[in-house]
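**Student:** Got a structure here, written out as structure tokens. Questions coming.
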Amino acid sequence: MLGCWPVRPWDLFRSFTLTFLLYVGPLFEKIFVEGEFDDLRHRGVAAISESLSSWQGYRNYVAGPITEEVVFRSVLIPIHLLAKISPGKIVFLTPLYFGIAHIHHFYEFHLTHPHVSLVPVFLRSLLQFTYTTLFGWFAAFIYIRTSSLYACIIIHSFCNWVGLPRFWGRVRRPEYYPISPVVIRGKDDTDLVQASTEGKTLRLRWTVAYYLLLAAGAYGFYRGLWPLTASEAALAEFARDKRR
């Protein structure tokens with residue numbers, strides 16, 4: 001029930017494929033619009049190594065995903081299953097703990113930005129709580145359907161790397177500048193937000209391509225949600241599974 005053994009590569013691959021479909025639009029923006037592809041092409045493994053060797057990268061892509069998935073999926077979900085709580089309730093309930101665990105960023109951001117009024121700080125924290133809770137729903141669903149802690153860790157790290165999807169506005173190529181350690185406190189990657197300008201506005205076709213991919217990815221995610229998470233190792237059956 002802890003999701004550590006056995007390792008099922010096929011479940012890992014299908015779970016990541018489902019996540020990839022959901023983020024195909026933001027992935028297009030990050031790799032091709034923001035220039036991650038050029039960075040990888042010119043620097044190769046050094047770019048990845050540099051990101052992981054920084055404390056921000058290690059926290060966001062290694063330590064954070066591992067510790068949070070162990071606690072909020074591998075530990076909490078089996079406890080709720082043993083308490084005879086239905087899978088549907090577990091999917092919607094346990095991520096609330098995950099979202100609440102990020103509320104302290106409200107206080108952190110207020111400390112590092114004392115001149116910002118509380119209303120935008122609250123709205124910012126509310127957005128983060130909403131996003132982390134939505135991700136928690138997805139991760140809990142994946143965990144119950146596949147019993148794979150590793151799948152949850154991989155998609156958690158991937159989502160941290162891609163970031164929050166864009167839902168409005170034109171895509172732009174950001175221009176980054178050096179930042180101070182004070183700015184980069186907190187789990188929410190404020191370094192990227194604070195350390196970039198709007199940058200160069202690209203041709204409209206880039207924005208059109210992004211939103212088309214975003215819509216296509218959302219549809220693919222909807223169609224693949226159940227078939228791509230079907231596994232013989234499922235911890236429990238949802239009501240939809242029992243009706244079949």
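Yeah, the Cβs are placed from backbone N, Cα and C, and that goes for glycine too.
Note that TrEMBL annotation is computational and uncurated.
Quick caveat, the model's predicted, so the values are computed rather than measured.
For reference, TrEMBL lists these features for the protein:
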TRANSMEM  12-33  transmembrane segment
DOMAIN    54-162  domain 'CAAX prenyl protease 2/Lysostaphin resistance protein A-like'
TRANSMEM  90-107  transmembrane segment
TRANSMEM  127-144  transmembrane segment
TRANSMEM  204-222  transmembrane segment
**Student:** How does the domain 'CAAX prenyl protease 2/Lysostaphin resistance protein A-like' (54-162) divide up by DSSP, counting helix, then strand, then coil residues?
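**Tutor:** Going by DSSP assignments, the domain 'CAAX prenyl protease 2/Lysostaphin resistance protein A-like' (54-162) contains 94 helix, 0 strand, 15 coil.
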**Student:** Residues sitting near the transmembrane segment (90-107): Cβ under 8 Å, six or more positions beyond its termini, same chain?
**Tutor:** 68, 72-73, 76-77, 80-81, 121-122, 124-125, 128-130, 132-137, 139-141, 144, 186-188
**Student:** Residue list, the transmembrane segment (204-222) vs rest of chain: Cβ under 8 Å, 6 or more residues beyond ends.
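**Tutor:** Answer is 18, 21-26, 28-29, 33, 165-166, 170-171.
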**Student:** For the transmembrane segment (12-33), give me same-chain residues lying six or more residues beyond its boundaries with a C-beta closer than 8 angstroms to one of its C-beta atoms, as numbers and ranges.
**Tutor:** 138, 142, 146, 148, 150-151, 154-155, 158-159, 161-166, 171-173, 202, 206, 209-211, 213-218, 220-221, 224-225, 228-229
